[in-house]
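Input: a single structure, listed below in structure tokens.
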Amino acid sequence: MEKIPRWLLFSLISSVLCILGALCVPLLSVAFDSKRNSQSKLVNYGLSLSAGSMITTSLYMLLPRIEKSNRFKVFPGLLLGICLSFFLNYLVHAFASESLVHCADSGDHATGSHIHSKSHSHSHSHSHADSHSNFSNDHDLENAPSEHGYATSSSSVSENDPLITKDSDRPQMKKKMSLIDLLTRRKSEGECCDLNKCTPLLQSEQPEYIACVPPVIKSSQSERNVPHGCEGSEDNGQSDDKDHRGLVCVENNIGYDLENLSLYRKNFLSSRHHHSSESPENYGSNQLSHSFSSPLGNDVTENPAALADTQYHPENGSLYPHHHHLETPFSKLLSIGMQTCLVLALHKFPEGFIIFYTNRSDSSKSLGFSIFLSLTIHNFVEGFAMTLPFYTVFESKWVAILITAVLGGGSQPLGALIGYFIFKGSTPRDHEPNMDFLLSVTAGFLLVIGLQMFQTGIGFSDGHHHHQGEGDEEMKQSHSSGTTCLKWCCTGVLLILASALFT
């Protein structure tokens, strides 16, 4: 049997190490499974470890040194990689984000999405949540003012009556679709707005502005309990100081609600099915029952009858229902996982190429072996980083392992094989490759992913939940902090720098 070429052997060993790194994720998951809520630690600290390794890999190992000969390749390539990463991140969130409806109102009575949410958890700030938080009540709906242009008595409205009456005097709803709406073909209520366009009443002296819904909910159990909204006040900012209570920012409260990841995943899958089966002729009815997830992860559907309170006010035609697209833990991890697998797979092609090029002759034997040793730890950590986001976000865990095995385990040998066919029959000094631009693009891509991982790990960690009735030991086991995420990030940096000792 002919001896296996050194470059092929090194490539196969690197692939096996990548797959072993991927298998560490389910093993650690089983180890943490015996402790309640401790799997969130694996996600938070694992993302931080991967972030440190990726940031160091991008800036220290991949990014070429800027010299006079390549200065017009390195920086443009880095910039292109960063832009591509942001664009791909935007596309993923466009398809996987939650759509939240905000409804315009005068502020005289409860406004908002009319959500009926239930929660038995409270945030890390140790504020307890009411088990039944209603942002509007039946009394408000029954006594809604007649200026809305619809029946004011609940007895006069049956289930068969139209929710929106044909009133020629009522201004038409402004419909402005965003790029996200166009990409996903979603038919959401009103205009797509940025969260910053919801001007809080506490920061505005102009009464025509609408508070970011809902108003403050007063709870007998907590100092503050507002699971849904950004800022605002129940009394247009005129109540006493003791009634001025901050509102949890809905974007951060939803985006880092890792504990209820399964609900956001279920919401995403059900909404995909809903939008695919929706036809233009029944759009008028479907848009009034917009499904989304509450900030605390409860699966919520708007009450269609409550949307009678969202009509235009004749005195202010500029106010209209609108919606926001919010990132969720599902969309964040899905985006990170897709980008990580894509970039690391592309990154392993030049790695395999380099392994072949430095091991093709006896003269470069020592250099090729040192590069192989430096890539051992590197490949192990990369396998872990590729698997963790998908393993967390997918319901079928074996899919995450399979993706890493195919992309991570197969890309490096494939890159070495491509190098073999390119340089077959040439002398070692012929056709020396210049991959500065390709490495710069990959470095820019990897840099953004690493920063996203670190941001997400800290957000998940600082936004974790404690539960009523937990003992001191349970709270200690489920507790995680951003400071510990920083330590794990530094550990990832040291792992990559330690691998450079062999070069």
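Along the chain as shown, residues are numbered 1 onward.
The backbone N, Cα and C atoms fix where each Cβ goes, and this holds for glycine too.
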Per Swiss-Prot, the candidate from Ser50, Ser178, Ser370 carrying the annotation phosphoserine: Ser178
Tertiary contacts of the transmembrane segment (371-391), as residues 6+ beyond its ends and Cβ separation under 8 Å: 10, 13-15, 17-26, 29, 42-43, 46-47, 49-50, 53-54, 57, 61, 333-334, 336-337, 340-341, 344, 348, 351, 354-355, 358-359, 397, 399-401, 403-404, 407-408, 412, 453, 492, 495-496, 498-503
Cβ-Cβ under 8 Å with the transmembrane segment (398-418): same-chain residues at least 6 beyond its ends: 7-8, 11-12, 14-16, 18-19, 22-23, 25-26, 337, 341-342, 344-346, 348-353, 355-356, 379, 382-383, 386-387, 390-391
Outside the transmembrane segment (42-62), six or more residues from its ends: residues with CB under 8 Å to it: 25, 28-29, 32, 258, 336, 340, 347, 378, 381-382, 384-385, 388-389, 392, 439-440, 442-447, 449-454, 456-458, 460-461, 464, 480, 484-497, 500
Long-range neighbours of the transmembrane segment (8-28), counting only residues six or more past its ends (CB under 8 A): 42, 46, 348, 351-352, 355-356, 359, 368, 372, 375-376, 379-388, 391, 397, 400-401, 404-405, 408-410, 412-413, 415-416
Folded-back contacts onto the transmembrane segment (75-95), same chain, C-beta under 8 angstroms, at least six residues removed: 63, 66, 179-180, 183-184, 325, 327, 331-332, 334-335, 338-339, 342-343, 436-449, 452
Distant-in-sequence neighbours of the transmembrane segment (336-356), which means Cβ under 8 A and at least six residues beyond its ends: 7, 10-11, 14, 18, 47, 50, 54, 62, 85, 88-89, 92, 368, 371-372, 375, 382, 385-386, 389-390, 393, 400, 403-404, 407-408, 411-420, 423, 433, 435, 438-439, 442, 445-446, 448-449, 452-453, 456
